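Undergrad: Residues annotated as transmembrane segment in TrEMBL: A:21-42, A:48-69, A:76-96, A:102-123, A:130-150, A:179-199, A:229-247, A:253-270, A:282-300, A:306-326.
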Amino acid sequence: MQEEIKQRSNLFATSVDYVNRWGIVIAIILLIGVFTALMPQFLSTSNLVSILQSISIVTVIAIGLTFSLSTDGFDLSVGSTATLASSLVVSMFVWYSMPTAVSIVAALVITLLIAAINAFLIVKVKIPDLFATLSTMFIFEGVAMTYTGGGSISEGMPRLDGTPTNGKLSETFTSMGQAPTIIIIMVVVVILAHVILTYTKYGRYFYAIGGNQEAARYSGIPVNKYRTIAYFLSTLLAAIGGLLLAAKVGSAQINSGAGYLMPAVAAAFIGSSFRGLGKPNAIGTFVGAILVGVLENGLVMLSVPYYSLNIIKGAVLAIALASTYYKKS
Amino acid sequence: MAQQQIKLKMEDISIEFPGVKALSNATFELETGQIHALIGANGAGKSTLMKVLSGAHDHYTGQIYMNHEVVEIRTPRDAKKLGIDIVQQEVDSALIPYFDVAENIMLDSVVNNSKGKAWVNWSRLHEDARKILERLGTKIDTKKKVSELTLAQKQMVLIARALVDEPRFLILDEPTAPLSQKETSELFRIVKELAAKHLVGIIFISHRLPELFEICDEITVMRNGEVVSREKIDQITPKQVVEQMLGRSMEEAEWKQPASIGKQIFETKQLTQKDHLVKQINMTVHSGEIVGIAGLVGAGKTELCKTIFGVLPIQSGQMLLHGNTLDIHSPADGVAEGLALVPEERRKEGILIDEEVYSNLSAANLSKFCRFGFLKQGNEREAARKMITDLDIKTPSENQKVGLLSGGNQQKVAIGKWLMTDAELFLFDEPTKGVDVGAKSDIFHLISRLAKMGKGIIYATSELAEILAVSDRIYVMYDGMIVKELVTKETNEEEILYYSTGGN
């Protein structure tokens, strides 16, 4: 009798463990099941491609967040970073008629200024990451708006001083924002991040710092250097996200990156529990982004109004955070 | 104060946590007015037993009696109502740093007795707190912020807090661990007075045998969750206590194999830390030599280790390793130059508690297991397994999280990680703190093995017996400076203590 109870409780324990490990995957399968039952066209190839395409930008930005999270840091400024990068790249094309490579490199390099400021405020001045990046989030939202004169930039628009322009977004660039290129870029980013975090010493250093900064320092790990690197990676990937956004839309819209902050944070936190790892990881973040994307796509197809979507996305974020923090207490 | 005598008895107490039987049929007795020592190796169950008594666990089996009447203790509140209070080992976790002394002392009473009262009567709060501190015979300004206090003062604040409700039983969990000799004797005076004058029954948990024999009336020894003996203190010797703790007789083995001391490898010249925490340090270390750093808590031993290793910034002076001037601005520089530090605050600084044993062991020299930045995880794990066998680290596998190991085994991991490096100079800062007797001797063996390999070793501790047993030569520190150099063979505890307390 007792044996049986023991076995049953063991079975219960293993199944709880199983749910903990594979909860996100199970959730995705359930969601797909429900949506397909309601709308058979949900499972069509074109819709699946459209889901992957729509989560590409979120995933790239969320991978950046994964790096800062792996050092136990956080970067709220990724949305503003994406906005600034997209404004810069479009302005390079439209206002200054620059070639593709120059436009992209210029936008990325200038945007990395945000990383330098974040790292300075957090690592040197020692402001808690959340507050430091809250302030840079506002600063660079303002910088992007000021740069564009408070409006959007699209082809044919004159410069702020009234100079007429005839620059166009190059085709190479706009194709980056379409399937399959955008999906390929996302997958490459995920794989690279996974390799760095799991198979290189840099990843191990990030996690060591994230686990216990003091102990990492006493082990001789140059903690400040690697925390700085993490914020640069976070900004770089957010900027790439911004470029993809500009390529996809074909213009720079006001504060267009802001909407990506929340789903990216949700994806990274959901991903932490993937495979029971309990720490931020690239594959998990990708899977988290898929969960968010499937949910959003399905709800839109069910004609849930866009203005109500945030209720559900916010709730998903709360659940993701709960799964990360509840066990810790 | 004519208080009635109370007999407390815990009978057949058992408690289980997932996978561990922490206590089995433990029986414990105590009377008011007594000082009772509770001792056992790490994991013996003494803290768990005291947590049961203070109401921190509710799922134990067994009975607790007061004067032969069954009492029910399932919550801290139950325990407090019965007059049982505990002063936890980790003082900082029980104090609110930006509250002042009076607020901290009166915290429980403000929280529990404020029903229906919205206002805080500040002058009464301070008056009450002052009275309790007076009763303890200590003078701490009640308006001072707790964050500005020394460790010993913080401990006084916690004891004062426990006394607010006039407890009949007071549990002190390793109260002397962070205290210097002088502070310890001050604490003893207070504890004795509480027992004798106020008839409080005191349970005193400690790893330090001499002090238990100094102040306790009775002693209870625990091992593996069981109570193995209860004796009047004058009926038992320290050696017997150690045997009962270990469950085997301890040979007073000469563990220290004499290493041949070679040429000088490390030297400091007028080394001064930026905030003058250590000043004008001139010291040398030879290959194969264990150099002890003695001194009371606060003398600057930890600061000296941290300055050499690059944690604390240097203002002036020089350090030389193998004749080369060291340019160290961070621990990363220190490691690169061939230094290793096993820090005092193990869980905070020495190990990554949420990471696996293998990644802890490789943390200080990950490049060794890398090619072009990519980890060779097979090599890494193999090296970890070898180290686990070599150091006899008790862990199910190299994949275990270090936080789940016992204190002694955590310390072995903290030391093991430096054995993976090519460090030349090892700094040990209180390496046996919170480590049980068995692991302690393993650690001593390990250090003497390092000496035999020709490494230089700096061993900082405030345990006099330990420094005499371990070192070849001793520098005594006082107020951030080296005040005396002694040859271990030609000195004794009295002499070290004399210089440690500022004699010259």
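Even glycines carry a Cβ here, placed using N, Cα and C.
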Undergrad: Counting only residues 6 or more past its boundaries, what in the same chain has a CB within less than 8 Å of a CB in the transmembrane segment (A:253-270)?
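TA: Counting only partners 6 or more residues beyond its ends, the transmembrane segment (A:253-270) has Cβ contacts under 8 Å with 24, 57-59, 61-62, 64-66, 69, 76, 78-86, 141, 144-145, 148, 150-152, 238, 241-242, 245, 280, 284-289, 291-292, 296, 310, 313-314, 316-317, 320-321, 323-324.
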Undergrad: Which one of these stretches, A:21-42, A:48-69, A:76-96, A:179-199, A:229-247, has the most C-beta pairs shorter than 8 Å to the transmembrane segment (A:102-123)?
TA: A:229-247
Undergrad: Under 8 angstroms, Cβ to Cβ: which one of A:21-42, A:48-69, A:76-96, A:306-326 has the largest number of such pairs with the transmembrane segment (A:282-300)?
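TA: Looking only at A:21-42, A:48-69, A:76-96, A:306-326, the most contacts with the transmembrane segment (A:282-300) come from A:48-69.
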Undergrad: Could you tell me what the rest of the chain brings near the transmembrane segment (A:306-326), counting residues at least six beyond its ends with Cβ under 8 Å?
TA: 23, 262-263, 265-266, 269-270, 272-273, 288, 291-292, 295-296, 299-300
Undergrad: Applying the under-8 angstroms CB criterion, which one of A:21-42, A:48-69, A:76-96, A:229-247 scores highest with the transmembrane segment (A:179-199)?
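TA: Top-ranked stretch among A:21-42, A:48-69, A:76-96, A:229-247: A:48-69.
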Undergrad: So what's near the transmembrane segment (A:76-96) in sequence-distant terms, Cβ-Cβ under 8 Å and 6+ beyond its ends?
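TA: Cβ under 8 Å, 6 or more out: 57, 61, 64-65, 102-104, 106-108, 110-111, 114, 118, 130, 133-134, 136-141, 143-144, 147-148, 153-157, 159, 165, 167-170, 173, 234-235, 238-243, 245-246, 249, 251-253, 255-261, 264.
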Undergrad: Quickly jot the same-chain residues contacting the transmembrane segment (A:21-42) by Cβ under 8 Å, restricted to those at least six beyond its ends, or write none.
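TA: Distal contacts: 270-271, 273-276, 284, 287-288, 290-291, 294-295, 297-298, 301-302, 323.
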Undergrad: In terms of Cβ proximity under 8 Å, which residues at least six beyond the ends of the transmembrane segment (A:229-247) contact it?
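TA: Non-local partners: 56-58, 60-61, 63-65, 67-68, 70-71, 73, 75, 77-79, 81-86, 89-90, 104, 107-108, 111-112, 114-116, 118-119, 122-123, 169, 173-178, 182, 185, 189, 202, 206, 256-257, 260.
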